[in-house]
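Going by TrEMBL, these are the annotated features:
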DOMAIN    19-482  domain 'Aldehyde dehydrogenase'
BINDING   156, 180, 183, 184, 387  NAD(+) binding site
ACT_SITE  288  active site, nucleophile
Ligand code: NAD
């Protein structure tokens with residue numbers, strides 16, 4: 001990959017209101033996936049850096065937990081304004097470090113801002129409950145309190161939205177926070193913390209430690225970290241969940257996915273094709289809610305041909321260019337793994353009806369891969385089971401809705417699933433029987449908004465309380481009950 005070095009500045013960590021150099025010699029370059037240009041160098045921080053950040057967060061917690069809730073919320077209102085004023089700049093930064101198309105990045109910024117909007121409702125969200133008269137002259141009240149220092153570990157695919165699932169609500173609830181962003185997309189995290197400081201957050205309330213597994217393990221093992229919020233791939237999510245739980249920490253770990261879209265024979269075919277193409281190939285298929293398996297019900301050859309035609313027409317390129325929908329995958333190492341999956345699909349007998357390796361060979365400069373479609377995939381094949389996290393779509397054939405629902409049940413993952421139909425009975429059956437946490441009806445990416453929980457099932461989520469919505473508030477607070485007798 002052609003590499004132009006523009007800026008080899010080593011990023012700093014943000015600890016106790018100061019930008020400080022990491023205590024490490026280890027670094028990684030951060031290339032723009034569309035051009036190979038090096039945007040920055042990220043330090044792979046050590047456990048000592050984690051300790052510094054946790055100590056700062058612990059000290060800040062002593063004051064922050066007692067800061068009146070409306071005062072905390074006002075910082076979030078200000079943050080909301082600053083983020084909104086920087087909307088276009090943030091979107092451009094996401095495109096540069098992540099590679100996704102500008103309109104996708106713009107939407108991601110909006111999704112992130114909505115999390116801040118939700119968290120700004122902290123005075124209402126944190127209210128407790130009371131019951132006068134649980135017995136004669138006795139009342140019961142429930143109050144909510146923060147936990148302490150919370151650690152957040154985030155993936156590369158949503159450098160803005162996922163950190164904003166975590167720290168605004170955690171901090172609004174009175175916790176202090178140490179964020180470990182993805183080492184592959186570290187730039188936006190620094191911008192987010194810069195704006196949060198401008199919004200009036202006191203030193204130590206939000207800290208950022210860049211790096212990889214040492215930082216993750218440092219957070220998990222630190223006795224002063226009370227909860228861990230994690231989003232990333234399945235093996236790491238399970239590891240973080242088990243290890244954090246073993247340390248007695250509260251943990252939520254959002255994991256990988258394989259999202260099935262069932263296309264019923266009565267569906268509006270044009271719209272189904274349009275939604276599936278944008279869900280499967282937008283962000284280069286690197287979304288935890290991306291459609292990666294289509295269940296074609298009935299012998300619907302017209303749908304398959306229309307899907308292939310639409311995939312052929314996709315404009316592939318740099319996300320900053322107009323009309324581009326299919327952008328590069330994050331790194332060459334990831335593309336190599338995807339190419340292995342394509343080989344595996346062929347080997348296991350699926351029919352490759354659109355081969356994205358052609359564009360991978362033709363397009364230079366970035367880690368591009370064309371839209372790929374396998375037809376006649378069966379649930380036992382590796383490409384049907386694994387999360388490939390790329391613009392590779394598997395078509396499974398089913399006789400009826402029951403068979404389609406069975407495919408969903410067989411999948412180890414259960415993040416999202418969608419049905420395309422106009423039949424109310426089919427919708428109801430799908431709603432009752434689809435074995436996944438976020439369902440769509442004629443919707444390509446049924447991701448929930450900030451006031452609802454973001455809810456994966458099965459191996460797509462480890463923990464109890466999901467991110468966002470009331471689950472998020474429950475995750476970031478602990479409850480205290482007081483029972484009072486007044487018969488004196
Ligand atoms: P990843 O698991 O490689 O990285 C996620 C985080 O874990 C990063 O901060 C990384 O530094 C850290 N990490 C990676 N390997 C580690 C290890 N061995 N030990 C400790 N920490 C480690 O994930 P990614 O490639 O950045 O993100 C894509 C994955 O995230 C996909 O599987 C996608 O489905 C998932 N994801 C899930 C959701 C959801 O809501 N369920 C949302 C977004 C992304």
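Start at 1 and count along the chain as shown; that gives each residue its number.
Each residue, glycine too, has its Cβ placed from N, Cα and C.
Locations of recorded TrEMBL features on the structure.
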residue: 156; record: NAD(+) binding site; DSSP class: coil
residue: 180; record: NAD(+) binding site; DSSP class: strand
residue: 288; record: active site, nucleophile; DSSP class: coil
residue: 387; record: NAD(+) binding site; DSSP class: coil
Per-region confidence, the domain 'Aldehyde dehydrogenase' (19-482) (mean pLDDT, whole number): 98
Proximal but sequence-remote residues of the same chain as residue 183 (NAD(+) binding site) (Cβ under 8 Å, at least 6 apart): 28, 30, 42, 44, 210, 211, 212
Other C-beta atoms that fall within 10 angstroms of the C-beta of residue 288 (active site, nucleophile): 27
Among 180, 184, the one of these binding-site residues whose Cβ has the fewest neighbouring Cβ atoms within 10 Å: 184
Cα separation, residue 288 (active site, nucleophile) to residue 387 (NAD(+) binding site) (Å, whole number): 9
Spatial neighbours of residue 156 (NAD(+) binding site) that are distant in sequence (at least 6 apart) but have CB under 8 A: 98, 182, 184, 185, 286, 330
Nearest-integer angstrom distance between the alpha carbons (Cα) of residue 288 (active site, nucleophile) and residue 180 (NAD(+) binding site): 19
Site extent for NAD(+), whole Å (max Cα pair distance, 156, 180, 183, 184, 387): 24
Cβ neighbour count (within 10 Å, all chains shown) around residue 387 (NAD(+) binding site): 22
